[in-house]
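Heads up, the thing below is written out as structure tokens.
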Amino acid sequence: MARLLGTLRSSQPVARFQRSCGLFPAGEEGGGSGDPAEGPRERRACNGAGALRCPAGPGRAVPGPQDHTQKYIVKNYFYYYLFKFSAALGEEIFYITFLPFTYWNIDHSVSRRMIIVWSIVMYIGQVSKDILKWPRPLSPPVVKLEMRTNAEYGMPSTHAMAATAISFSFFIATMNQYKYPLELGLVAAFVFSTLVCLSRLYTGMHTVLDVIGGALISAVLLVLLYPAWDTIDHLLLTSPFCPLFSIVVPLVLCYNYPKLDYYSPTRGDTTTILGAAAGATVGFWLNNQHAASAYTSKSVQAGFPLLSSTVGFVLARFLVGILVVLLTRWLMKSLVLGMLGYRYQFPLGDLAARRRREVEVPYKFVTYSCVGFTATVVVPLLHKLLGLL
């Protein structure tokens, strides 16, 4: 068992998977010879936060703004674009579009459950990385297609955790509310999470054990949270302490995030997630207190004569909503960063200052809590004014 775990934790299986999918380092454009794991040991790059201690040199990668993507050869563009797209399903661009889309066009209760599960799973995953401090795959032999997350540790894969949590919580929350073949929903959730997991191997950002560990941790958390779903949902909608709890607890968690010797984006990403969930949760509570109108299929044809189909309404809701959300994010980023710059006396372009805890946490938390609140309160009000409910 120890030997198997050691193999799954090593870089060789990742390199073999990349080669089998047609991805090679620039030095192996002829297809390479022998095992990809047989690259020279001294050329391997440091990984994780420890990489920040490694001097730049031939074959070494130092995470940070100065990084350049490693040169590589793509021999199968189907896998290249498939896994690049799949990797994006675990990024902010997916969260900021799919989760609000679910709230605006599918079902409020489904959206609430996904957001709560997503925030809990992601917090546990991010903190686990910085406690375990397992390095990412070595390069070479692995080709790394992403550089931003290279400063983070590897175990567990939070992409795998988020994909498993979101896909299966969506399936579980909808299987008793909507009529569709359960087998189809289960297969869709499995395919979605599998593609995201494989994309982390293809991009060279995680070992096989990182990915398996992330998916298993997420599955265990889903099993543990599922019996309490209805209770948590009821408390979030009806408890008078919900707004205070939703703001204070995430803030405390963010300010007490595990300290590292070197900067890692995990704290900022965790603050972003908890901030968005906090703002959305306050929005859920406020809507329930004031009996805000729900999105229903019966209202689809009534309010906007120019849109004569359900698809038209869905598209209109999404476009209006996402424009408002993106505008809110841009405005709040500028406003909050400007206020913090004035408070702590640093120029807005000072990246080192923006990474300080007293700046990064309020900057990201306030910005994304406003984004979550806007998506759940402001956008529905705008939809109502435009006749899109």
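Glycine is no exception: its Cβ is also placed from the backbone N, Cα and C atoms.
Values in this document were obtained by computation on a predicted structure and should not be read as measured data.
Positions annotated as domain 'Phosphatidic acid phosphatase type 2/haloperoxidase' by TrEMBL: 111-226. The region 'Disordered' feature in TrEMBL is assigned to 25-44. The annotation transmembrane segment is assigned in TrEMBL to 78-103, 115-132, 153-172, 184-202, 209-229, 235-257, 269-286, 306-327, 365-383.
Between the transmembrane segment (235-257) and the transmembrane segment (115-132), the number of CB pairs under 8 angstroms, six or more residues apart, is three or more, so the stretches are in contact. Note: the stretches the transmembrane segment (78-103) and the transmembrane segment (365-383) are in contact (3+ CB pairs below 8 A, sequence gap of 6 or more). Assigned with DSSP, the residues of the domain 'Phosphatidic acid phosphatase type 2/haloperoxidase' (111-226) fall into helix, strand and coil as follows: 83 helix, 0 strand, 33 coil. Contact between the transmembrane segment (209-229) and the transmembrane segment (306-327) is absent: fewer than three CB pairs lie under 8 Å, with pairs separated by 6 or more positions in sequence.
Sequence-distant contacts of the transmembrane segment (365-383) (same chain, six or more residues past either end, CB-CB distance under 8 Å): 96, 99-100, 103-104, 247, 250-251, 254, 271-284, 286-287, 292-293, 295, 317, 320-321, 324-325, 328-329, 332-333, 336, 389. Counted over residue pairs 6 or more apart, the CB atoms of the transmembrane segment (184-202) and the transmembrane segment (153-172) come under 8 Å in at least three pairs, which marks the two as touching. Same-chain neighbours of the transmembrane segment (115-132): 49, 95, 99, 152-158, 161-162, 165-166, 169, 214, 217-218, 221-222, 225, 232-233, 236, 250, 253, 257-258, 260, 264, 266-267, 269-270, 273-274, 276-277, 280-281, counting only residues six or more beyond its ends whose CB sits under 8 Å from a CB of the stretch. Within the chain, the transmembrane segment (153-172) has long-range Cβ neighbours (under 8 A, six or more residues past its boundaries) at 47-49, 87, 89-90, 95, 98, 102, 110, 113-114, 117-118, 121-122, 124-126, 128-130, 132-137, 185-186, 188-190, 192-193, 195-197, 199-200, 205-207, 209-215, 217-219, 221-222, 226, 264, 266. Looking at the domain 'Phosphatidic acid phosphatase type 2/haloperoxidase' (111-226) alone, the prediction's average pLDDT is 87.
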